[in-house]
Amino acid sequence: MKILTYLLVYRRFLLIVLTPLLLLPLPLIIKTKEAECAYTLFVIAIFWLTEALPLAVSALLPAFMFPLFGIMGSKQVASAYFKDFHLLLIGVICLATSIEKWNLHKRVALKMVMLVGVNPAWLTLGFMVSCAFLSMWLSNTSAAAMVMPIVEAVAQQIIRAEAEADELEMSCSNGSVNPALELDENIGEYENPDWKEKEKRVNGYNNNVGSTVCTVEKENEKGNEQNLPPAEAERKSRKDKYSGIFKVMCLCVAYSATIGGLTTITGTSTNLIFTEHFNSRYPDCQCINFGNWFILSIPIAVIILLLSWIWLQWLFLGFDFKNMFKCGKKKTAREEASSQVIQEEYKKLGPISYPETVTLVLFILMTLLWFTRDPGFIPGWSSLFPKYKSYITDSTAALVIGLLFFIIPAKTLSRTSNGENTVFGYTPLITWKEFQSCMPWEIAILVGGGFALADGCEVSKLSEWVASKLTPLGSLPLWLIILISCLIVTSVTEVASNPATITIFLPILSPLAEAIHVNPLFILIPATLCTSFAFLLPVANPANAIVFSYGHLTIMDMVKAGLGINIIGVAVVMLGIMTWIVPIFDLYTYPSWVPNIPSTNGTGL
């Protein structure tokens, strides 16, 4: 038993040591550059999938393995670790830092929820839309962390309002007023002192908290289920119903944070990684930009969001169209409580401030510059520089706007009663320290490692070898090849991080497309979108873990809900790639910017 305990404790250390040793025969026996590159690829892939080492640390391995194997020089490898992607990321994080610092995100989220109303179904949709909108421009993790405290506040207010309604109902039925102690007990039954603590550490989630809280609650419920009077039994039934509402509200935040990130290139790291990989591998294309990615992905995200909303409602609450679309009826205690807490939270923000206004203007300006750079159907603003048109990318606009956040002052001059100007110390909208705290350096290094790995596969001819072995797949129907790649990627991303998954599969799927002689976008776009579909487990992505840590969900709740949304996601992506995405990129035509690999196999179209 002691040996097993030691093995369990040191399993990561053993994995780090044994993986390179067990794979060492590959480069020793097959003494080719392809085998040496494959050895590096396998070692890094295993480390990424198991997270035996931090993702960024594993991403640094090509920096010394490729020079030692003689695949690439050290200077050549180092240049792959910082590319146009990183400049785009810096500009976006400047915007995200200012949005978070000045609470613009909270104002947007609350306003959206207020617009849709407090009916449980519409309230859930309001949280989904607001969270999805935020995740279009911020990281999925940040969007979930911002919206979840609002959801928790609404849930707590609903609990108090229902407890008071129960007390009033019981008083009326008995013809007397019950002691206030019972009300306090009812409220205490729902309230958990740990929730406030969890809210404080929402950004540093703990995967074990939610399961512990749920286990304790279940054990308490089992002990109290026996010998309940009718009034208590009815109250427990209503409590179960409210529990379902809380589950839906929590899951809608986790899933909409992921779904919203699909819509923009900057919305999630997987989209950024795909864009940089594609532009590096096919430099003559220049067909992926902010505008056309938004056009192809927004219908997918909207359809998945609506179907996910319907699925969650049906799974936990039942889809009651009559109550959903009721008009002119009196609000329930729960709806009144939800409305009250949302309005109170919005009032706390006060009138929109000067820094919020400037941040909003710069946000709109950055979005417009992205959309209008090269929209395709009309000349964009990049055409104003005809000699250097190809030099300008989305990162150019992001950096220009991003730098303004370090220049524009956060405070304006104000006049005193004497008419004199009050002078404040000059402070920009964001400082370098605030930017550093928001900058995801791990993702930046991880992506750089992926680019270095892709360059190594090209230089060593490993990509060509993989392409030659994948050529027989051309005999399968194209839709089946796409579906298989989507299902594989979706399965792997449940147990591995999304950036690691896409970084591993892009160098494999690109040669596959070239080998079977189809437009690479036909396979790469759906695979990239499906990499984000990590809905099953709390550990699948940070947004899931943040929501799970609040204690309203069990793992089985997330598995049941996530499985349905995974199926919905893959089905909608397949529908999109075979219909409206085809004319955007003329997918049925093999483009001239792809290396023309001779192939005798058809694509099965």
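Yeah, the Cβs are placed from backbone N, Cα and C, and that goes for glycine too.
A TrEMBL annotation is a machine prediction, not a hand-curated record.
Keep in mind that what you see is a predicted model, and the values were worked out from it rather than measured.
Annotated transmembrane segment per TrEMBL: 12-30 (among others), in sequence order.
Annotation comment: TrEMBL describes 42-69 (among others) as transmembrane segment.
Look at TrEMBL and you will find 81-99 (among others) tagged as transmembrane segment.
Residues of the same chain lying 6 or more positions beyond the ends of the transmembrane segment (119-138) and with a Cβ under 8 Å from any Cβ of it are 92, 95-96, 99-100, 105, 108-110, 112-113, 144, 146-147, 150-151, 154, 245, 248-249, 252-253, 255-261, 263-264, 266-268, 301, 305, 308-309, 312-313, 317, 320, 323-324, 326, 334-335, 338, 363. The transmembrane segment annotation in TrEMBL covers 119-138 (among others).
Under the heading transmembrane segment, TrEMBL lists 245-273 (among others).
The transmembrane segment annotation in TrEMBL covers 293-316 (among others).
As annotated by TrEMBL, transmembrane segment applies to 352-371 (among others).
The transmembrane segment annotation in TrEMBL covers 391-408 (among others).
Per TrEMBL, the feature transmembrane segment maps to 478-509 (among others).
Residues annotated as transmembrane segment in TrEMBL: 521-540 (among others).
Note on the transmembrane segment (561-585): residues 251, 255, 287, 292, 295-296, 299-300, 303-304, 307-308, 311-312, 315-316, 479, 482-483, 486-487, 490, 519, 521-522, 525-526, 529-530, 533, 535-537, 540 of its chain, located 6 or more positions outside it, place their CB under 8 angstroms from a CB of the stretch. Annotated transmembrane segment per TrEMBL: 561-585 (among others), in sequence order.
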Other parts of the chain folded back onto the transmembrane segment (42-69), taken as Cβ under 8 Å at six or more residues beyond its ends: 12, 15-16, 19-20, 23, 26-27, 33, 36, 77-78, 81, 441-442, 445-450, 452-453, 456, 492, 495-497, 499-500, 503-504
Contact call for the transmembrane segment (81-99) and the transmembrane segment (391-408): at least 3 Cβ pairs under 8 Å, seq gap 6+: yes
Closest-packing stretch to the transmembrane segment (521-540), where packing means Cβ pairs under 8 Å, from 12-30, 245-273, 293-316, 478-509: 478-509
